[in-house]
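Report on the following structure.
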């Protein structure tokens, strides 16, 4: 047997030659003796009922299970072997028996016994007429056999043969002796083909069988060969098709008996006349196997040819048989050419390289791909110049330095289409422009300095900003922005003294996104800049994937923007990332154990799939479902490795990816999915690495393992292995399997191997289950099952145990004699136990005594230390006495420390803690803890839910202690629940208590342990669930949880559950009556320590609380309102910002709201957790109030949990900063928010057209501004329209109108009205249809003269000059 790892030969890109000039690609996967086939001449093919393929060759019968070929040959010493190794025909009957015809004898193969029964010609009348068997067919429970000397019919009941011979004198006999084909049509007619014609059975009785020979009209163009029929088949319309040797193809229409030559059909004239086999595929196309290859007659009449010259015996040429399997794949057997498989999925990917017949590349290494608008595709190779392919004409031409003048290099790194020309970037030469229409290189006179830059470093990437501006990414000199018209350029490098700074000068990729941002990926980091800043003296460049301290970063290979405008980044060896607002998140690309770390290029199809090229093949990543599929060479790719940015989406339907081995092309919507998932077959059973024969000395197998349902094994045979396979022949190396041995294991073992090994040590009944998935991850619905019984060893048999019982009984009788002495010993031990318990009680009493004494000592000791320390501070006496006082203080402190340690130990022993409870929303608290396990739940595929009857339930609780309880309970739930299980945190209440249930579907807890689980150091034994090896803990978690719950005057208990799993319920009293005043703290929030911010500053701000200078406001400064209940932090932030901004302060949200309404600050910075009014509520009120809705709000809190962040953003916050924050970043983010507001105001004045959403930050402002625009538009020609009318129509006071307009646009209401009127006037002037005086009145000006004055002030030119300028443009 030979093992098939991957299909060894891919017959790629057989160009289908159509008589109507169609171009198609048929990709076959071939099997030869190298892959395990017994011989390369394949004569016949059959598939059995369990899916295995049987292949007959000139040297052996082959059984192929999708993984392994098993060969059957004649063995002269074995009468149960096949009669001859030269196979001519194969057929399976209804009972599953396989009939095999050879050059010497007929064979019936029993797959259950794995044996052949032979039949030969003899002198008996009921034997075969010949030993050479050419055709086999089961008809009506009989086997019809075509031989070299007539027809034989085998009766299964009598086990005898009836011979039908040819007789020239009898017209009702066979027309020829050599029977080559037998066929039964759907209407029950039986047709027999011979070497001298075709006949149809017309009658049959016990004495005679009569046939009608079918007449045919000879074709004058065909040489007068006799009609040698080779194959017969029926189409869906019940027409018969007849293949003949040297006479071509014939057809018999349904319900007729006339042979019509199909060779007369115009599109069929060039089809070879020597047809050996025909068959239909699942699309009703007729496959015609000839001695010059395969012709495919499509349902629309077109004919395609696949093959080679008739003199070529190799490969897919001299076809002997064609077979369509259960999946619909087509198999072809050729003479000395092997076995060939065609499936639609073979053509999923089309490959091109230097050896391709269509689109032959000039060089294999393809580094860049580009396409023009008129169906030209350009492949830039790294050694052969450019290959240009014309899709319309199917022609390729090569462009290189040898045939094109001025073509500077054949090592092409980048291509970009601009204005019907191709920018070419190459290795160590200048970039140049190739005109593919004139087939010439255009000259481009770069400045000398720029030429030197290009020569020093290669151009690795070219990007188009517009028709005149091109970006070049160089590998050593940074990025170049070049204006082809002015010849000016800007160079971006890492030079610190330059205006611009990149992370690295080696630019691999360059991309301009839809937001007009330029992304520059380098060998060390990613850079992004806005094109709007390109003309500024200093351009801000943001850096990602770069450590400025180490001056090192990630190697960026490609940048891509999807249809949702998300930015994706592929790196070298560091993974795949997506841009989320301000940061990049890593996307794990992993499937079936294959992990992708390098992404070279990205494309998106019409179905929201990203296609990534990597070093492991091509990856399909669905943006919606996150499903991942990886295609590699076993799926038909030319290579698993690809080059950076070497990809193309051609016409939005065809993708190209280039690599070091060539180019792969495919249409994403045409990739075929294999849904065929046959049952797994058991192929071998081995004991101690030896195959178990059928029968044998131990009689373990009575029939083949594929048909065996149960096996009995002795104890010494329990070291065994089982081999299996799934008969999926499409990329079979990608098949997967999952198996388990019930009784030994519950979990499935997933593998691509086809063998499972076991050593069973315990006698018993076991069940082996195995299921499989095909190459496209389609799994079986039902597993294949094998029941295995392992018998015990003799010393563990029933009679052995009887003997053991007898011995034990005798021993028991002997033991009775000293039971009394044992009872005495037991009594003694009981007394010792009582004594031990008494000693423990004494020890506890002693410990309690020492604790009480410690309490008594601590109070006077504290009273001693206080005055003593005051004495030391005030003491002015002798130094000698002062030293003695210091000795007293040190000794007292040491004694206090020892007492505290003793008390802490006692507290731990008794689980007595001081409760520090505060009222809080326990739902939010529990949801925080719930979120902590969300990622773990997702990774383990748990169904993890949170349920609460209310969003707010206020309870007095100690957060730090109660947190320990629920973390313990939830972590236990995950620990003892298998992956894929259910875990729920549910909150309910009644009038007195709140109940928190942790419900899981795990292994549960046995009744015998339920009363012990809260004991300290007790653990549920591992055998509570023997099939799982759970991690063990310390055994104190539940005990501590119980103590904490009781400390809250609550309980924790195990709730009875009908289904498997566990429910722990924590009950806590509502209200505060159950707690003492000492157990309640007034402020639950921890104080903010400003020292963590001070250490970030080189010079500390002076922490003055209030000064006269702080009360003085400067009009040119923005005003910031700081809302923080923690005064030291509030003062710190104030002093941090007061040099740049006017500062207002508030200690809670209630005060802040009033200050905001009175002073209308430029920005509000607010804590979240505060008394009176929390920050999120303050934010909501600010955003809901029309007076203050325009003010940006920044939420500042020490909580970093997602729940608080979501709540803050939902309330309308513009920014969210977690404490502790970075001082530098804090200042920068405040500055950016305020500068952004100023830019929005400036935008109103500078832009001709603008929408309210572009200059507002809240929906209320946007609606109000829309209304303001509409009011001014409606009153455009109204000269009487003033601020009073404006405020009345808008529905706000004049003060509010002034504040809102000023906040939005930096204008007064009058200026706002005039600004809109002047912009409308400019629009009217641009049309050049109305005179200036009319326009001035139409836009509400009383005087054309005043209008001209205002217009010139706004646009720096008179209305007439403005109008003339636009008229000149037209």
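Cβ coordinates come from backbone N, Cα and C, glycine included.
Bear in mind that the values here come from a model prediction, so they are computed numbers and not experimental data.
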(message) Quick check on the annotations: Swiss-Prot lists DNA-binding region for one of 1262-1283, 1284-1305. Which range is it?
(response) 1284-1305
(message) Need the matching range: Swiss-Prot marks DNA-binding region on one of 1308-1331, 1332-1355, and I'd like to know which.
(response) 1332-1355
(request) Please find, within the list 799-819, 820-840, 841-861, the residue stretch that Swiss-Prot describes as transmembrane segment. (result) 799-819
(message) Suppose we draw a 10 Å sphere around the Cβ of residue 1167 (4-aspartylphosphate). How many other Cβ atoms does it contain, all chains included?
(response) 27
(message) Need the DSSP three-state call for residue 1167 (4-aspartylphosphate) to compare against my parser.
(response) strand
(message) Mean pLDDT for the domain 'Response regulatory' (1119-1234), rounded to an integer?
(response) 79
